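Asks: Once you've had a glance at the structure underneath, I'll fire off some questions.
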Amino acid sequence: MVKICCIGAGYVGGPTMAVIALKCPSIQVVVVDISVSRITAWNSEQLPIYEPGLEDIVKQCRGKNLFFSTDVEKNVAEADIIFVSVNTPTKTQGLGAGRAADLTYWESAARMIADVSTSNKIVVEKSTVPVKTAEAIEKILSFNSKGINYQILSNPEFLAEGTAIQDLFNPDRVLIGGKETPDGQKAIQTLKDVYAHWVPEDRIITTNLWSAELSKLAANAFLAQRISSVNAMSALCEATGADVSQVSHAVGKDTRIGSKFLNASVGFGGSCFQKDILNLVYICECNGLPEVANYWKQVIKVNDYQKKRFVNRVVSSMFNTVSGKKIAILGFAFKKDTGDTRETPAIDVCKELLRDRARLSIYDPQVTMDQIQRDLSMDKFDWDHPVHLQPVSPGSVKKVSIVWDTYEAARDAHAICILTEWDEFKTLDYQRIFDNMQKPAFVFDGRNIVNVKKLREIGFIVYSIGKPLDPWIKDMPAVA
Ligand code: UDX
Ligand code: UDX
Ligand code: ADP
């Protein structure tokens, strides 16, 4: 029986290993983590992450060929294939702070593998890491090898949160990078055999190590760039009377461009896009390519601009002041169908509104109260991001209430801001909401999910990103 051990039981490691266990009954999969609470949760009824379809799979496989354990060393020692799926946040201090990836967790995992291994191993990079990390890891392992043969593979994961299980079941491609030596090719084949249990062979791409590592950064940068491109267009649409949805539709019909990932929004969030672009920018700078670095930096700057522009619309529409006014925030997660708030645009929007002394009432169907409080009170380090410059005072965080129902959030509010595209926000009883709000009642739709015409008929003043402006809002131009 092939034994797989995955170090890191997070958003990537957990779902990926669950699907491997489900699709490969002949393989034993153990997911290990240093976090006792995470492992306890994976072994309980309440999994540590929310992902549609995940719970069923875990229930089917757990205890059979899928295990979650804190005994990292024992399980690593016994494994044939070790996936490393630890976190690689952006460095917060020292050289490359704010841009370079922090590889502390990766390095400690590699040293631990070298310490405990007594048999040959295939070590698979699963977390997104800077190009040439494989080489560094190989050095750590081979300098401490005790005669053991380590083969390093890069197998970046392309799943998106909220659709992780679907993406794993039916991936556009599986990418495996390895050395061009016979041992390297043999290791690639071993990993290919795992995926071949359910992924058609023509979707399994093999490359050299550096191409695999760079492809992951490039894919995320291209995706984020599409969103910044359409968001930049949304500002121009508002200025000219064009409708960004119509523009996206028309542009996306060109098969060379394609229709996906062209939804204008309050900005992209998530743990990957910004981190990977910053990492790409850093690599370009280190390689003496400032023009390339500046090109990609702009994708993040437009994203920050979009969040700032949204807040400016809110404040300027409401007579240039939100001080003391109750604003309902619908949605806090960085996208629908996840409870994840990493880099969610909601954090920046809420912090800006709090700085303008608004009172916020926040509702999200999946994000916990603790998480929201933590996100809003934590003073994040950030790299020349104008949005984050001023900290939020502890006093203003007290102006936040977190509720478990939209209607409660909107009661007596002056405005509603929709910041996550949860399906339930499309079918709310907006008449009932309107009746219980202060007048004039505003809706600021940061995800373009409401029926603008219907809401205007009810009496709302509606702002929807990149759509022709309400006359009221047009008369109060935002300074962005
Ligand atoms: C373009 C648009 O494709 C067309 O829809 C529009 O109506 C007019 O402008 P055109 O300029 O005739 O058409 O040619 P196109 O095939 O788009 O190529 C433009 C340039 O991009 C060429 O110099 C081409 O060599 C270059 N190119 C194209 C690349 O360098 N790489 C590519 O992958 C594609
Ligand atoms: C992304 C990549 O899609 C995935 O391939 C990679 O493995 C990890 O990073 P994820 O961050 O989970 O996945 O979600 P994604 O669906 O890409 O959305 C990222 C952000 O972009 C979200 O905030 C989303 O709301 C926003 N978005 C997405 C838009 O604003 N408009 C769009 O058209 C699409
Ligand atoms: P991702 O979104 O990439 O999956 P997460 O932050 O969700 O990232 O998960 C990474 C996990 O890796 C965390 O649960 C963390 O506790 C774990 N981890 C980090 N370093 C180690 C290590 N050396 N050994 C085991 N687990 C680790």
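Each position is counted from 1, following the chain as shown.
Placed from the backbone N, Cα and C atoms, the Cβ positions cover glycine too.
Automated prediction, rather than curation, is the source of TrEMBL annotations.
Features from TrEMBL:
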type	residues	note
BINDING	8-13, D33, R38, 86-90, 127-128, E161, 272-275, R342	NAD(+) binding site
ACT_SITE	C272	active site, nucleophile
DOMAIN	328-452	domain 'UDP-glucose/GDP-mannose dehydrogenase C-terminal'
Asks: Through the lens of DSSP with three states only, how would you label T90 (NAD(+) binding site)?
Replies: strand
Asks: Return the members of T90, E161, C272, Q274 (the recorded positions) with CB less than 6 angstroms from at least one atom of ligand 3, or none.
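Replies: Checked recorded positions vs ligand 3; nothing flagged, none.
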Asks: In the domain 'UDP-glucose/GDP-mannose dehydrogenase C-terminal' (328-452), how many residues does DSSP call helix, how many strand, and how many coil?
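Replies: Per DSSP, the residues of the domain 'UDP-glucose/GDP-mannose dehydrogenase C-terminal' (328-452) fall into 43 helix, 19 strand, 63 coil.
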Asks: For a quick check of understanding: among the recorded positions G8, Y11, T90, E161, C272, which residue's Cβ has the most other Cβ atoms within 10 Å?
Replies: G8
Asks: Would you please pick out, from the binding-site residues N87, Q274, the one with the fewest other Cβ atoms within 10 Å of its Cβ?
Replies: N87
Asks: Distance between C272 (active site, nucleophile) and T90 (NAD(+) binding site) at the Cα atoms, whole Å?
Replies: 10
Asks: Near D33 (NAD(+) binding site), how many other Cβ atoms are within 10 Å of its Cβ?
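Replies: Other Cβ atoms within 10 Å of D33 (NAD(+) binding site): 23.
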Asks: With DSSP assignments reduced to helix, strand and coil, which class does D33 (NAD(+) binding site) get?
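Replies: In the DSSP reduction, D33 (NAD(+) binding site) maps to coil.
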